[in-house]
């Protein structure tokens, strides 16, 4: 099966037409943030939103709601969505496999095991501490999956199966941990849905440095990842140190996904679909693709969170689980419409 | 070295290694079964086992042996064998050592059905029919969606895997969502069922799984032949004159049926179907489909996991936790084996 992602007649440089897509994405993103700040059980005015952003007054209840409840939630959703979009792009570029996704390839499951081990079994509640467990779990899982599945493009099915096996293993271990105490199950069954209810500004400020490091690594790796799209030996011929590049990209993926899981729980599918959207509109350059993916991912997650919060689901829905439920049909549609060979 | 059994016009060739491995595995399953009957909080000595088998025994020992331990051991062996067979069938058909009935979404569908039943009825009473309906429905849906009309091969392995994973993603998330919407007691019931447990099995369960296995035995004996052809390239298989599309459909249905049998008595025990095939193939040193050995390995793993779960004091851990713990080293070992082969 061929799974080449980029080699096609797309311009590598930016054009006004493509820039329009990015600008439109950013514009809708800003609109969705404003909508997310405005929407909710407590009605607030545009003036309150403006006031709380410019001159925050903790004694005004409206401003308190915006600054302490709605803003962290929006920021969390945007950061997670953007990070997952970039991580998905990197994964698909690294494996030259258009179905690579942190959820499908078990990276989220590894990070989730780390978080569950720390927060539930050991009772650590400080994100600054359990982030390391999340990163360790994510690194372990991705190491397992990539060695088991091989990263040759001819092995789409094998990589995905390896991801499924590793995910199944980690989720089974998580279930085992949970069975020991019932109170931990109570925490877990809400957390696993992948929502932004519990994101606080403290948590964001603790985890933000990790995301920045991950994005910087992604940016550095982006310079050589383009060459890797032509195949490992060609990339080597072009002077790329393939081993180092794989390590760098892998580290970026692990940091981005692990931090996302620590912040909001395991979120599948965003990393799968966003790079496809980006490829349809962005120049065929990994750095541009990553930028577009970050914007689209943030937008998708922001909208998903708004939808999940809306009265439609009466508080039961979360952005992460909703994207996973919708993700299955989209994946099947991708497979059926493009045909596996063309993927 | 091979032995040849002849019976009229039929003959069967047995390699010595296969014979030894088969007998060894059988012996292990038998010993494990006896040990499982012997172990537990109520002591039953070896002498008691013998008298119980002959039929005269005091009431309490007899009750513990025949009503509690024996059904559980029988169900563990039967369900393990069914899982192992199902996994080996899918692995051979999809030509992939990492395949299992999960790829067709059966487990995810069954789990979703079970969670829905617990959510709707509040108890585990109607779990079984709902789980089976969910699993079979999902499998049918995945088959329909993965079926490729344009090419003559019907079920393309990759397409089947990807569609199955897509279905599993959606159904798994749906189960998570349903689980978060209910109260604490029901959520605990759901978690217990989703892990796969052999607690409190009775002789009806044992009869169900063993009856199903017996009915399927002739089919499985026949299956060995087309399955070993299917490990070859599609073109070669069609060159043999086998009808690939129909054959793949029949084999998938048998695999799903076996998984359904096993899940209906033991829940979705993780990893048994996954580990049985690779371990059996390695024991026999062959790449050909190894149904009988995979069944024995599956039985051994499940029996071991359940006995281990029973030996943990205080908490009643489900067997599924232990099959996952067994699955981890096997996954590692597959990894190392692939390194050695230079396949990476």
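Cβ from N, Cα, C; glycine included.
Annotation source TrEMBL lists transmembrane segment at A:21-41 (among others).
Sequence-distant contacts of the transmembrane segment (A:71-91) (same chain, six or more residues past either end, CB-CB distance under 8 Å): 29, 33, 36-37, 52, 97, 100-102, 105, 107, 196-197, 199-201, 203-204, 207-208, 211, 214-215, 218, 221, 225, 249, 252-253, 256-257, 259-260, 263-264, 267, 270-272, 274-275, 278, 286, 289-290, 293-302, 304-305, 319. The feature transmembrane segment is assigned by TrEMBL to A:71-91 (among others).
Residues annotated as transmembrane segment in TrEMBL: A:103-124 (among others). Beyond its flanks by at least six residues, the transmembrane segment (A:103-124) meets 87, 91, 130, 132-142, 144-145, 149, 159-160, 162-167, 169-171, 173-174, 177-178, 180-181, 184, 187-188, 192, 253-254, 257-258, 260-262, 265-269, 271-272, 324, 327 of its own chain at Cβ-Cβ distances under 8 Å.
According to TrEMBL, the transmembrane segment annotation covers A:130-148 (among others).
What TrEMBL lists as transmembrane segment is A:160-180 (among others). Sequence-distant contacts of the transmembrane segment (A:160-180) (same chain, at least 6 residues past either end, Cβ-Cβ under 8 Å): 99, 103-106, 108-110, 112-113, 116-117, 120-121, 137, 141, 144-145, 148-149, 188.
If you look up TrEMBL, you'll see A:207-228 (among others) marked as transmembrane segment.
According to TrEMBL, the transmembrane segment annotation covers A:248-274 (among others). When Cβ-Cβ distances below 8 Å are used as the criterion, the transmembrane segment (A:248-274) is approached by residues 76-77, 79-81, 83-91, 93-94, 99-104, 107-109, 111-112, 114-115, 127, 130-131, 134-135, 137-139, 142-143, 146, 191-196, 199, 203-204, 207, 210-211, 213-215, 217-218, 220-221, 225, 293, 296-297, 300-301, 319-320, 323-324, 326-327, 330-331 of the same chain, each at least six residues removed from its ends.
The annotation transmembrane segment is assigned in TrEMBL to A:286-307 (among others). Tertiary neighbourhood of the transmembrane segment (A:286-307): same-chain residues 14, 21-22, 25-26, 28-29, 32-33, 35-36, 39, 73-74, 77-86, 88-90, 93, 195-196, 215, 218-219, 222-223, 225-226, 229, 267, 270-271, 273-275, 277-279, 313, 317, 319, 322-323, selected by CB-CB distance under 8 Å and a gap of 6+ residues from either end.
Among the features that TrEMBL reports, transmembrane segment is placed at A:319-336 (among others).
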Legend entry - Sequence-remote partners of the transmembrane segment (A:21-41) [C-beta within less than 8 Å, at least six residues beyond its ends]: 49, 65-66, 69-71, 73-74, 77-78, 281-282, 291-292, 295-296, 298-299, 302-303, 305-306, 309-310
Inset, instruction - Take the transmembrane segment (A:319-336) and find every residue of the same chain, 6 or more past its ends, with a Cβ under 8 Å from one of its Cβ atoms. - result: 77, 99, 103, 193-196, 264-270, 272-273, 276, 300-301, 304-305, 307-308, 343
